[in-house]
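Worksheet for the structure shown next.
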Amino acid sequence: MKNINNKILKIFILFLAICSVKSDTCPTDSNWRPTPASSNSPVSPALPTTSLASDIVYGGNDLYYMAYWSMTDPNNLQPVSDVESEFSIALPAWAPDYFLIVAKQSAPALKANTNYQFSFDFKLGQVLTQGITYSNMTLSFYKPGDIDYLLWSYRAPMYSFTFTGDFSSTTYKSKTITFSVPVDLGLSTLILQVNRSRAMDYDDTTIFYKNMKITVPSKPVVAPPNLITKDSELINIPKASVSLDPQDLSTCPYLASDLVHWHNPSTWSNNLVPQPNENITIPAGKRVLISPCSISQTAIYQRIVIPATSELIFADSNLTMNVKDILVQGKFIMGTTKCRYNANINIIFHGSKTKVDTIAPFYGSKGIAVSAGGFISVHGKQYHNSWTKLASTVWSGDRIIYVQDNINWEVGQQVLITTSQFKDEIDNQNEVLTIKSILGKAIEFTTPIKFYHYGGKEYQAEVALLSRRIIFQGNDESDQDSFGGHVLVSGEGQFAGIQLKKMGQRNVKARYPLHFHLANVVQKSYISDCVVTKSYYRCYTIHGTNNLTLTRNVAFDVNGHCYYLEDGVEMDNTLSYNLAAFVHTIGEPAAGGAQTGETYYENENLTQPADSAAGGFYITNAYNTIIGNSASGGWAGFSFPNLEKPIGNHKNVEMEPQAFTTKVFEGNTAHSSGYQWISGSSIYVGGKLITDEVTGLLVYNTGRHSRPTCKDGIFSYDSSTYLWMRFNNTKVYLSNLGLGHWGDRVEVVGLEAYDSMRPASLFGAAWLSNAIVDGTGNILSKSQSYNRQGFQFYDTYVTTILSHITFRNFIQNPTSVYPDDDNVVIIALTFSDLYKPQFISSTINITLENILPAQIIGHKIVPDSGSSRFFNFIDWDGSLVGTHVPTIVGSHEKWWSYDDSKCTYNNDWTIWVCQKGSKSVGNIEFWVPNLIIRGEQNEGDSFVGSVSLFGDGITDVRKTAITRNAGITGITSTGWMLWLDGGSPTYLQVWAAQVAYQQYIFLAIPYPPGTTFTISTENKWAWQNAYGFNCTLASSAAEVRSSNGTKYYFDQTHLFVKIVNPVLTGSPAESFNRGGAKIDDVYWEYIYHINATNPNVSPNQDGFYTNLSYTLPSSTL
């Protein structure tokens, strides 16, 4: 009993001591404040003078096994010990005489002529019998794309080294070799080939490895001599202000004299400080200050409500709060614009996955919600710049990097270096490292850098700070269900200098890390220099909110679209100087056909089906200011989906989001994306998102959809309202198709594109100007077997002008079979007979650097393809093809050679090159009953005749085939003779689709003697057939050719008609004009009707005069 009483007494004394300490450290006096945290950074050690040697270690989880004879079994290689990276390889009986140990991840980048070491410990599991020995091993580095073929066909390694050693012991023996590669190896896969003296017999055996590693040698630390100071050669990428936000510590909110302490019982109506397990409501009309000693920093607070007349203000002192829910109807203050906090404040959100709204109705659970009329202000210490770029290239094993911009980062903080690899999601080479020391723009890390990160003059990997002093995070259990915390603001909110990690709730709408939700037009809200890491669902969301600013933020390792404009009504927001990196699709990434894409439907595992194509910036309404942002990775870096109507909460709003053009898109960068779909791009204007009218669920298709951008976002057929989506000063690199635009109108002015399949794929009325397009530079990129082109001209009904562009480094690919497999500047799209090019492409002021003449144009000859036969463009100054005069470029057929003195055939390009002179390129369509039916689709080999040049001194046959698919393109102001194998028709229509002002087609058609004609024209969509006429008989073919198109003539062999379009006046509105080049419009529709009758000769039952002879009209016409 006495012992029990003593224990009680000791507990009581301890309780009094605790109370006394709390009273001393957390007074209730209204003037008392805890000491504010210091803004001082930890002292940095000096940078070293020597970079230590570093090891890249390979354990069992980093490797897999390959062998011949269908003996490849991943289970053959198993980890034994993580401590020493020990692994075993079980070799079954009858195993082949060698096998391969293959690294799962890319090898370190290796510098030429540097001595590296490869080492390991090796032992046998059993003594080998029957004279079998491990004779030698070969260390090799292969192109990653070759690995899958090694067992079936020869692939030359990029480097290999065979060595011998003691491989016969059942106890570990160490082996070290020194090797040096003759050329830089940026991207490769390490393979160790283990060779036996002969194949195994009937015994199962085991071998063991441990401590396998590549050692990068030590080296002196010397600052590179030519650090990058300008991140682009041609364009201007704007940057955030170099200065820190101004501070006035006299305004700090914790200094206000009317504050009451949370820990003071008198603050509360019942004179009791609330306990964590209670639902806590801040007293009405009070401004309550939380200090570290005010609350338990380990217990979990259930729910805190801040009423409309109340405020909850945090002291600037180190604090941890564990909480489930916070509802802000009044004000939540943790620093302000002029008083950024320096404390380490950690808010940890707790709660299991649920659909119950525990914060408040519609606000979900496990987070902070700010209702309409509420206000939240969270401001941590400003670290600036929040992200920058490398100032020099970083190699595997380096520990020090140099960056371009001034930074005030601190020792112990974490830093991201983004990938310099194309396929970001497949081969993750993003690296997160910890700062060991820092001096100016030089940063030393605690561990060596594993991968190569490019920092050349063309482009540079981004370097971002991932640490902040204020952290909002989900609890450790959040990983189990991808159900983290979330911050939702329906009022006004100001966030700066905070980190949000393990936030967002996967596939739960409106539960994102940081989210402005139906806040309408905000007046003083922003998100600045924050960072989101390891997000389960998005990063920063703007939903039903206008006039919000997101600037200088970072996001890394994010599931689903990251910077996310949700419903399509979000306008007049500003996204500036933000970085998104390593963004993941939800589920398998979207793929599908080249233009059709794939369709996804809303379901519980994909509540926003567009997340199948998740990217860094998702812009459902383009009318926003988007400046100086960068997107690394993702399905696309920037996505502009097409929405005919808003979705979600705004599905009944009368608006067409897709009709809005870009308000400002200036100085943005995207890389390492677009590769997951054949038509994918790093900046993607395409895809379609709708609400199914029957089910009410979202449906997303990734593919080609029109985007009719017009004034004020109001769709119209009136061309005076047309607006072009404009992309200024844009950079893409390590991309598939760079900037992809399926829409109706686009201008890309100021573009740098490097190491990409193509810089852009532009549809509609498109202008690409003031650009550098560089085929290859980064050694990671050089090691890939990509077939790159400077631009591919489309095959029908678009208009594309390329002006003021420098193309560089398109190096011949010796393995290419066809021109369009090669690295060439201009590539033709030649696969179809249904889709044939009119005059739709032009170039002007083109510069070529380090490009052989053979690599300038690639045109694949496809006999059954009209898009091959009619490929053409006009080089308005001859700068691309080297003629230095306006030049018509036409396909391989002599049909394009209108004059021997002005046309030459280029065998490398398989095209004709002709001086333009007064000629142009035009297009007409013949519509013939029972033969060529408008809109009908037929096979490419459905040949029905030909069209041939005549007159102007032409005596030989210069023709091209025509098929049952309508459409012929050729050089205008020349003679064209139509020949149909089945005879000439009693009736046909000729649509003068593209016969420009002052141009014509002198048409000849053979008919039997005695044929008479009635010929008229129809301006189909004009009032009372304006400009239509009836043709009259001329006295000669020459008179027809010199006429205004109202004459025809029949010489008893050929009918002659001059095809013109009298509607045209030469107005600039009749063509697409940009950069000094033009493309004539297609006119819908001016049609010639030709009726033929013959009293002496009867047509066949299909209406054709047969038994005609193929004879060209006179060459003197």
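Along the chain as shown, residues are numbered 1 onward.
Positions of Cβ are set from backbone N, Cα and C atoms, glycine also.
The candidates are ASN547, ASN1096; Swiss-Prot tags ASN547 with the feature N-linked glycosylation site. It is ASN547 that, of the glycosylation sites ASN279, ASN547, ASN1107, has its Cβ surrounded by the most other Cβ atoms within 10 Å.
Around ASN845 (N-linked glycosylation site), a 10 Å sphere centred on its CB holds 19 further CB atoms from the protein chains shown. Cβ neighbour count for ASN195 (N-linked glycosylation site) (all protein chains, 10 Å cutoff from its Cβ): 16. Cβ neighbour counts within 10 Å, taken over all protein chains shown, single out ASN136 as the most crowded of the glycosylation sites ASN136, ASN1030, ASN1044. When Cβ atoms from all protein chains are considered, those within 10 Å of ASN605 (N-linked glycosylation site) total 9, not counting its own. Cα separation, ASN845 (N-linked glycosylation site) to ASN728 (N-linked glycosylation site), rounded: 19 Å.
The Cβ neighbour count for ASN318 (N-linked glycosylation site), using a 10 Å radius over every protein chain in view, is 15.
The Cβ of ASN1091 (N-linked glycosylation site) has 13 other Cβ atoms within 10 Å, all protein chains considered.
Straight-line distance linking the Cα atoms of ASN605 (N-linked glycosylation site) and ASN547 (N-linked glycosylation site), rounded to a whole number, equals 32 Å. In the three-state DSSP scheme, ASN318 (N-linked glycosylation site) falls into the coil class.
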